[in-house]
Amino acid sequence: MGSMDQSIAVKSPLTYAEALANTIMNTYTVEELPPANRWHYHQGVFLCGVLRLWEATGEKRYFEYAKAYADLLIDDNGNLLFRRDELDAIQAGLILFPLYEQTKDERYVKAAKRLRSLYGTLNRTSEGGFWHKDGYPYQMWLDGLYMGGPFALKYANLKQETELFDQVVLQESLMRKHTKDAKTGLFYHAWDEAKKMPWANEETGCSPEFWARSIGWYVMSLADMIEELPKKHPNRHVWKNTLQDMIKSICRYQDKETGLWYQIVDKGDRSDNWLESSGSCLYMYAIAKGINKGYLDRAYETTLLKAYQGLIQHKTETSEDGAFLVKDICVGTSAGFYDYYVSRERSTNDLHGAGAFILAMTELEPLFRSAGK
């Protein structure tokens, strides 16, 4: 089992995932999950993690918590209120697929259909790339691949809407075309086709920095989306290669001391840069899933083990009242310059990072178990 066989002074990854999920579920009712009473990707990412926990443990309370959130916002006819001008609104729809599979309640399919309709009305670049939001015209962000990609593929498989496969392939190819940096192999956070944003490079339109979480959303998307394509689809091979190349590039910038990654990935030598938890978790998820699915070489277990140990040692703690805490999670962030990113607020148990942490731990668990720990 490679490097995961090494003796590690931490518990099972699933133990930590449950500790964090239980802490947040004990802190917030589904009505209170921030931003309260909204169909939003913050809750969506966290609840995707909670549903993975349900699948891993069989504990029904995890399923019921996610279901209660959906039932709070979806009425008897499958109606729900969501922002109709942004990709972010779609991501929480990922929870609808396991809810429907388990309950066969058609409300969840109707709600998914409403979210799916958004693809037909979103504004696009000249090449057909979705604007991230109407508030950010002509811009594609790496985040958008996760916000809209996995849902589209799952919906395509549920309803046999094969055109959605081509849609996601196009979106990913455009992001890669416009944001990949040939020198580092990393992807810039955003691209402005109009080149009007203050941060936009006057030649390429790219934002100037490699933001950890945005790259994390991207590699997690790839790791999840490969298996959603038809088995003989040519882009399975393309996405595997892209994932392999991105992980290879990301791992060059892993902090040697902690095993984690910096808020601005390639500038760990700057004193005001800092090790960020959510991006580190998303990289761990993508690496673990890549190993589990055979997309990545098992040699990456060394990288994974170092990150796992560093995350638990440096970014988690248990409070006096028994709450499990994950620290140094960057709050919601737009595209910008270096100073903007490194000055962003650092949160504890923010749902971005909580969801990423739980997803990473559940994906790590099979490797941990196979090592006999």
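Every residue gets a Cβ built from N, Cα and C, even glycine.
Feature annotations, reproduced from Swiss-Prot:
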- 40-41, Asp88, 132-136, 213-217, 333-334: substrate binding site (BINDING)
- Tyr41: site 'May be essential to modulate pKa of the D-143 carboxyl group' (SITE)
- Asp88: site 'May be essential to modulate pKa of the D-143 carboxyl group' (SITE)
- Asp143: active site, proton donor (ACT_SITE)
Spatial neighbours, same chain, of the residue listed as 'active site, proton donor' - Cβ under 8 Å, 6+ residues apart: Leu87, Asp88, His132, Arg213, Ser214, Trp217
Binding-site residues compared (His40, Trp217) - the one with the fewest other Cβ atoms within 10 Å: His40
Asp88 (substrate binding site) in three-state DSSP notation: helix
List of residues, in chain order, with Cβ under 8 A from that of Lys133 (substrate binding site) and at least 6 apart: Asp85, Glu86, Leu87, Asp88, Gln139
Between Ser334 (substrate binding site) and Tyr41 (site 'May be essential to modulate pKa of the D-143 carboxyl group'): CA-CA distance (Å): 15
Assigned conformation of Tyr41 (site 'May be essential to modulate pKa of the D-143 carboxyl group') - DSSP reduced to three states: helix
Conformational class of Ser334 (substrate binding site) under the three-state DSSP mapping: coil
